[in-house]
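Here the structure comes first, spelled out in structure tokens, and everything after it is commentary.
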Amino acid sequence: MKRTAVVLVSLLLAVAGTGAIKDPDHPNFPAPRTYTMATEEADTQFWVDKAQNILAHKLQTYNQLNTKRAKNIILFLGDGMSIHTVTATRDFMGDSSMQVSFEKFPFTGLSKTYAVNKRTPDSATTATAYLSGVKGNYGTIGVNAQVPKYDCFKANDTSTHTESLAKWAQDAGKWAGLVTTARVTHASPAGVYAHTASRSWEYDGEIVKDKCSPEINVDIARQLVEWPVGKELRVVMGGGRRNFRDKTMNDEEGIKGYRSDKRDLIREWLDNKRSENKSAQYVWSKKGLEMVDISKTEYLLGLFSDSHCPYHGDLKRDRLENSDPSLSLMTQKAIELLRKNDKGYFLFVEGARIDMAHHSSKAHKSLEDTEEFSRAIELARNMTSEEDTLIVVTSDHSHTMSLNGYPYRRQNIFDFAPSLAADKLPYTILSYANGPGYSKTFSSKTGRRDLRQYDTQDAEYRFMATVPMGSETHGAEDVGVFASGPMAHYFSGNYEQSNIPAVMAHIANIGPFADDKL
């Protein structure tokens with residue numbers, strides 16, 4: 001398959017020959033024939049005017065700070081959404097000068113993501129930090145650092161349990177809900193309502209595998225249905241049906257459950273609500289979600305897949321657009337239900353598959369999911385008022401993907417860099433420090449592979465990786481925090497990830513950080 005980037009590389013070699021580049025650290029390649037410079041960018045006044053506009057906006061923002069209390073608070077979590085991911089998504093959307101929706105928010109900060117016992121965290125310990133204000137050990141959820149991962153007993157001591165933004169909101173009479181593209185029992189959403197020594201204990205069988213008792217340790221799915229915070233979540237949407245039904249039961253799509261206790265927790269959830277004379281709806285498809293009468297619904301449970309929801313780009317590629325809801329649609333429905341409460345609400349929304357695509361070195365899918373995450377945030381901002389609704393956007397941790405080489409402006413982000421490497425072979429603009437993409441990068445017989453044999457535009461392509469790993473690892477650097485709404489200026493600066501829920505709670509005047517608790 002002929003590729004623009006390959007043609008470009010050949011052109012460069014023809015122009016430059018094979019001799020040494022005068023300045024190898026900062027090479028100056030001829031512009032590709034396909035590149036057309038935006039005329040206005042060649043004019044000094046363009047950049048002066050742009051800076052003037054930005055300055056005027058900042059002056060207006062700082063002179064008119066919104067110091068009101070937040071009636072509603074929404075936390076958007078881009079799982080694994082590193083700064084590099086945000087930058088690459090801009091390029092994926094069309095150009096480096098573009099902005100994803102939340103980059104237009106007036107205030108930005110950085111949070112430090114380390115766990116108590118690890119420099120590079122996972123999605124479990126970080127969920128405890130940004131949802132409850134306490135850092136714990138790697139792999140644990142909703143408990144402090146007195147609980148080691150896999151401990152069969154210490155997490156049962158309620159003095160080790162942390163309280164989440166959802167609980168603080170519920171205690172204040174607000175409604176709470178969660179939306180995710182992962183299983184609703186997965187690490188990040190579980191931080192809203194669960195307390196466990198292991199993120200893997202999503203159903204009873206996983207507890208048994210780790211040689212602990214499912215009677216002593218309540219699995220995460222049961223906690224969602226049985227324990228106070230989970231039971232009172234007004235909206236729960238995502239994937240993970242298999243963790244709620246016994247392995248002898250088939251779900252709506254004929255897929256068997258994972259449980260081994262003969263229970264159907266979805267049926268129990270419905271029965272419990274109806275026994276309390278509460279209007280509750282369970283849906284498992286996009287059509288079912290669209291048909292829900294929000295005006296007559298008090299509780300909504302949507303489980304749209306046996307495991308994780310599809311990657312956003314796969315909705316179209318696999319013709320799932322009519323069967324599976326997008327993150328934007330789930331977010332819309334959640335806000336429509338929660339805003340019925342006059343006292344306000346807390347909503348947690350996770351773009352989970354940004355992270356999962358990175359783990360597979362599939363950068364294309366990660367950027368597609370980041371773009372959809374951005375759309376969901378823009379929709380939420382348009383559905384709410386900046387006067388009374390605080391929206392905070394952040395990530396739990398980073399990944400090892402980087403943008404490298406000297407790509408041309410507006411060059412396809414999935415292309416090869418303009419020059420060949422020292423081994424006379426091309427390399428991609430995007431690459432990972434480690435991961436399964438290693439097999440596409442190196443051969444035990446020939447060394448580095450000639451990447452021209454692969455279609456790097458394919459969404460399934462695994463991008464270059466330096467170290468062979470079955471799954472690419474997280475990164476340890478700080479992640480961005482973007483805020484809009486009441487007292488959003490509190491999110492400027494660099495701070496602990498555990499500060500995020502403290503500030504959100506203070507702005508909403510709920511929980512241990514309310515005015516009367518300070």
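Each position is counted from 1, following the chain as shown.
Using N, Cα and C of the backbone, Cβ positions are placed for all residues, glycine too.
Unlike curated entries, TrEMBL annotations are predicted automatically.
Per TrEMBL, these features apply:
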SIGNAL    1-20  signal peptide
BINDING   Asp79, Asp355, His359, Asp396, His397, His474  Zn(2+) binding site
BINDING   Asp79, His186, Ser188, Glu350  Mg(2+) binding site
ACT_SITE  Ser123  active site, phosphoserine intermediate
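Projection of TrEMBL feature records onto the structure.
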{"residue": "Asp79", "record": "Zn(2+) binding site", "Cβ contacts under 8 Å, 6 or more apart": "Ser123, Ala182, Ser188, Glu350, Gly351, Ala352, Arg353, Ile354, Asp355, Met356, Ser395, Asp396"}
{"residue": "His186", "record": "Mg(2+) binding site", "Cβ contacts under 8 Å, 6 or more apart": "Ser123, Thr180, Arg199, Glu202, Gly238, Gly240, His308, Ala352"}
{"residue": "His359", "record": "Zn(2+) binding site", "Cβ contacts under 8 Å, 6 or more apart": "Gly80, His399, Gly435, Ser471, Glu472"}
{"residue": "His397", "record": "Zn(2+) binding site", "Cβ contacts under 8 Å, 6 or more apart": "Gly80, Ser82, Thr113, Thr120, Pro121, Asp122, Ser123, Thr126, His474, Gly475, Ala476, Val479"}
8 Å Cβ shell about Asp79, Asp355, His359, Asp396, His397, His474 centroid, Zn(2+) site members excluded:
Gly80, Asp122, Ser123, Ile354, His358, Ser395, Ser398, His399
Let's check the environment of Asp355 (Zn(2+) binding site): how many other CB atoms sit within 10 Å of its CB?
29
